[in-house]
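This report refers to the structure that appears directly beneath it.
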Amino acid sequence: MLNKKSVDDINVKGKRVLVRCDFNVPLQEGRITDENRLVAALPTIKKLINDGGKVILCSHLGKPKGEPKPELSLAPVAVRLQELLGQTVTFAADANVVGENAKTAVAVMKDGEVVLLENTRYRAEETKNVDSFSEDLASICDIFVNDAFGTAHRAHCSNVGVTKYVDTAVVGYLMQKEIDFLGNAVNTPERPFVAILGGSKVSSKISVINNLLDKVDTLIIGGGMSYTFMKAMGEEVGKSLLEADYLDYAKEMIEKAKAKGVNLLIPVDSVVAKEFSNDAEFKTVEQGGIEPEWLGLDIGEKTQALYADAIKNAKTVVWNGPMGVFEMPNFAKGTIAVAKVLSEIDAITIIGGGDSAAAVNILGFGDKMTHISTGGGASLEFLEGKELPGVAAANDK
Ligand SMILES: Nc1ncnc2c1ncn2[C@@H]1O[C@H](COP(=O)(O)OP(=O)(O)O)[C@@H](O)[C@H]1O
Ligand SMILES: O=C(OP(=O)(O)O)[C@H](O)COP(=O)(O)O
């Protein structure tokens with residue numbers, strides 16, 4: 001259990017409560033294309049409304065790099081939140097985030113009302129964690145709640161700096177839930193504990209592989225990163241994604257798995273194509289059969305069966321990174337196969353945000369998983385065993 005004070009430990013009646021959420025949602029022409037992060041934030045917001053707090057929400061959106069960018073305004077989020085909450089959400093349009101508009105909006109709030117501030121990254125100080133913006137944020141609230149798990153690996157004004165200037169800084173329900181699921185899975189897993197890692201690069205998951213090898217019974221490797229492991233085992237990989245600088249590291253991890261008695265699985269067949277395109281000619285080849293002009297873009301059917309077999313008796317599964325280029329239908333089958341097995345087994349299944357979460361949702365398996373994290377980078381850093389600054393900054397219990 002997370003040893004931080006939460007919204008259950010405070011009395012917010014009549015108080016101005018600043019809630020840092022992660023409303024960094026994908027937008028297309030002002031339309032929100034995936035609202036999971038908004039829905040995930042509702043329990044904390046509703047609790048604070050019901051308890052009679054004056055609920056001031058804030059978040060970043062995209063990377064406006066310290067200046068107002070209309071296309072990265074949080075205005076569309078206010079509209080959708082209002083629908084989801086079924087009550088008015090006043091949007092404090094304010095290029096300065098905590099300028100006169102925002103201060104006035106907050107000053108006239110009644111208990112149980114909701115205000116949403118403008119994109120915190122309109123202020124240049126935000127991502128540098130400069131005190132001036134942290135102080136501004138603290139000046140409009142009595143209590144601070146951090147519920148932005150997706151941003152917890154950043155140390156910015158609106159999730160870390162602000163806590164220096166408020167007496168009470170607690171975490172929200174989403175933050176608690178994310179840390180509890182990921183923490184329990186990694187630290188006290190029901191066994192067998194299987195981790196599935198995929199995605200493009202070994203280099204982005206070095207510490208995750210290393211840390212998980214200390215914890216899991218089986219580690220399954222798929223996606224672009226598997227070719228570096230194959231090469232390290234002496235196989236030719238043609239034009240597949242290869243990080244030559246990480247071959248020694250891959251060998252080290254193969255040795256570590258042996259030493260620890262971890263079952264490390266890499267693909268036994270691959271779907272290869274002539275080009276990185278859904279329209280390219282493609283075929284399935286056995287282990288060691290990737291010819292020089294071909295590149296591996298998905299795991300083959302034998303690998304799918306091997307991985308399904310390794311997963312089916314698991315009691316805890318953590319998955320981060322697709323098994324292939326799932327954005328292209330011809331190379332999505334491996335990712336679909338893994339998602340399908342996870343949706344069918346009797347186990348705690350945790351999807352570590354990012355592309356894997358998107359894949360599971362797009363493929364329609366979202367509601368079959370125990371937990372889909374709202375944070376890609378944050379869940380990866382958590383799986384690496386790092387302390388998340390956004391969590392560390394909250395008051396201890
Ligand atoms: N065999 C492959 N070759 C090239 N790219 C791949 C391969 N398999 C998966 N990918 C790509 O990896 C990307 C996801 O990588 P990454 O960002 O590491 O995953 P995540 O966001 O889940 O952590 C996807 O865009 C996918 O197309
Ligand atoms: O979307 C986010 O990260 P994610 O894509 O790693 O899940 C978070 O909102 C953090 O955003 P940032 O990576 O711009 O700091």
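Glycine is treated like the rest: Cβ placed from N, Cα and C.
Taken from TrEMBL, the feature substrate binding site covers Asp22, Phe23, Asn24, Arg37, His60, Leu61, Gly62, Lys63, Arg121, Arg154. DSSP assigns Asn24 (substrate binding site) to coil, not to a helix or a strand. With a 10 A radius on its CB, Asn24 (substrate binding site) counts 22 other CB atoms from all the protein chains.
The (2R)-3-phosphoglycerate binding site annotation in TrEMBL covers Arg37, Arg121, Arg154. According to DSSP, Arg37 ((2R)-3-phosphoglycerate binding site) is assigned to a helical segment.
Per TrEMBL, ATP binding site is recorded for Lys205, Gly296, Glu327, Gly353, Gly354, Asp355, Ser356. The Cβ of Ser356 (ATP binding site) lies under 8 Å from the Cβ of Gly198, Gly199, Trp319, Asn320, Gly321, Pro322, each on the same chain and at least six residues away in sequence.
Comparing Cβ neighbour counts within 10 Å across the binding-site residues Arg121, Arg154, Lys205, the minimum falls on Arg154. With respect to Cβ neighbours within 10 Å, the binding-site residues Arg37, His60 differ, and Arg37 shows the lowest count.
In sequence order, Ser226, Tyr227, Val237, Gly238, Ser240, Leu241, Pro267, Ser270, Val271, Val272, Ile290 are the residues of the chain that are 6 or more apart from Gly296 (ATP binding site) and have a CB within less than 8 Å of its CB.
Gly296 (ATP binding site) carries a strand DSSP state (E or B). Taken over all pairs of the listed substrate-binding residues (Asp22, Phe23, Asn24, Arg37, His60, Leu61, Gly62, Lys63, Arg121, Arg154), the Cα spread reaches a maximum of 18 Å, rounded to the nearest whole number.
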